[in-house]
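To start, the structure under review is shown below, and the notes come after it.
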Amino acid sequence: MAQFGFENDIHSILKLDMPITNAPMARWQRKASSSAMSSLSPMKASNASQNSSKTPSKTPGKGKKVTPSKMGGDRYIPYRNSKQMDIASFLLAKENESGDAKTPGASESQKALSVQLNGYNIEDAKILHLGGKPLNAPEGYQNNLKVLYSQATTPASVKKNRFISSTPDRILDAPDLRNDFYLNLLDWSSRNFLAVALHDSVYLWDASRGDIILLMKMAHEEDYICSLSWTKEGNYLAVGTSDCKVQLWDVENQKRLRSMASHTARVSSLSWNDHVLSSGSRSGHIHHHDVRMADHHITTLNAHSQEVCGLTWSPDGKYLASGGNDNLVCVWPRVQDGSISNDSQTVRCWSEHQGAVKALAWCPWQANILASGGGTSDRHIRIWNVNSGSCISSLDTQSQISSLVFAPNYKELVSAHGYAHNNVVIWKYPSFSKVAELNGHEDRVLSLTMSPDCTTVASVAGDETIRLWKSFELDPLKKKRTESGPQKILPE
């Protein structure tokens, strides 16, 4: 019996029905307690552990104002190359040492040896090396500091493009106008009179008042007007005719002052330089006339083999440019006062054009720059530097060029075209980016001329119309004109 009582005592001790108070915590108990504590947050109910596995209904932080973080901080941390730092330390210690001055030959040899060993000159070693690009500010970040300088263009600093109307400001009828590419039948005076040749007659249109005046008419019906040119003052008009003469008219008194005969063919181009009138003929000759003298013919220029259809003096009166049906562009020097010569040498002569050169224009703000335009076989605008003799730029317009004129208000170049576009084009100079196309003529445009205030260009075409394009008006805020009264084109 004693033996059975002892076994019962052993079994009762080994039973695990009751927890062992002093025993360490079991592994599964430690794991369960740690997961329960991590799922519970302070000041929350115990049922939060049940919702911890669910996806939050709202994005954390949404709806709250977030202050943008500073990109890059405010510390400057340079990049230091260990090799460069060692060399720099050596150089700093070397400066403190006292020694004899080195000879130039020794220093050069040491420099060459340093380049071979290190790949660079040790004397040029850098202590600090700056690398990398600056960080950009985060999107939406605003700096309250005042910006003194900025490379980015603000809306206020962006220049607005002006409005250029696609329709002419005015259209004038030009009946019986000769549709001849080589003639120059239109010119605008400094007194605001527009002269146009209609077959055998010359008409004046007063742009200020709108009046039309018949200035002259040829005596014979078979004769016709070939060219027109105003003096700088605008009180005299030179008229070239098909009967080989040059007439000079006093516009104010509507009186012919003289008729000068020297050419052997029609006079198709004219240009003034003070008291000297230059005329180009179908014979290829250019004559200089001193209108103050009874013996007016003072010089003959021989370079063209065919008709001289383009002729213009530079604004400073230093050079005369001529263009001919022989595809040549020639530049001539100024005639000396009182000199009479039968021949003269050209300053420049270019033969790059492949068509007749009627369109010639001097740049008003660059005295040595000449623009020329070729006919149907060429169709190029070329810019020449008279001083160097080089062609600065060339542009293929894909159309016959009959006239060129510079617009100084916006530093632009205007070209008139025949086949195949029959329009007027405004180019930005010198980039030759197209500003606008002025369409409306139903036939080839024959000539262009600029108003005295340089705000309007007039074009005459084979469709017997003259169209005024007011495309170069200045900013109205900069004008000093009164609002009352009719608007005039006369310069102030």
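Even glycines carry a Cβ here, placed using N, Cα and C.
The region 'Disordered' annotation in TrEMBL covers 27-77. Per TrEMBL, the feature compositional bias 'Low complexity' maps to 31-60. Residues annotated as domain 'CDC20/Fizzy WD40' in TrEMBL: 172-469. Under the heading repeat 'WD', TrEMBL lists 218-259, 301-332, 375-394, 438-470.
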Please count the residues of the repeat 'WD' (375-394) that DSSP assigns to helix (H, G, I), strand (E, B) and coil.
0 helix, 11 strand, 9 coil
Mean pLDDT, the repeat 'WD' (375-394)?
96
Take the repeat 'WD' (301-332) and count its residues per DSSP category (helix H/G/I, strand E/B, coil), listing them in that order.
0 helix, 18 strand, 14 coil
Can you tell me how the residues of the repeat 'WD' (438-470) break down into helix, strand and coil by DSSP?
0 helix, 17 strand, 16 coil
Work out, from DSSP, the number of helix, strand and coil residues along the repeat 'WD' (218-259).
0 helix, 23 strand, 19 coil
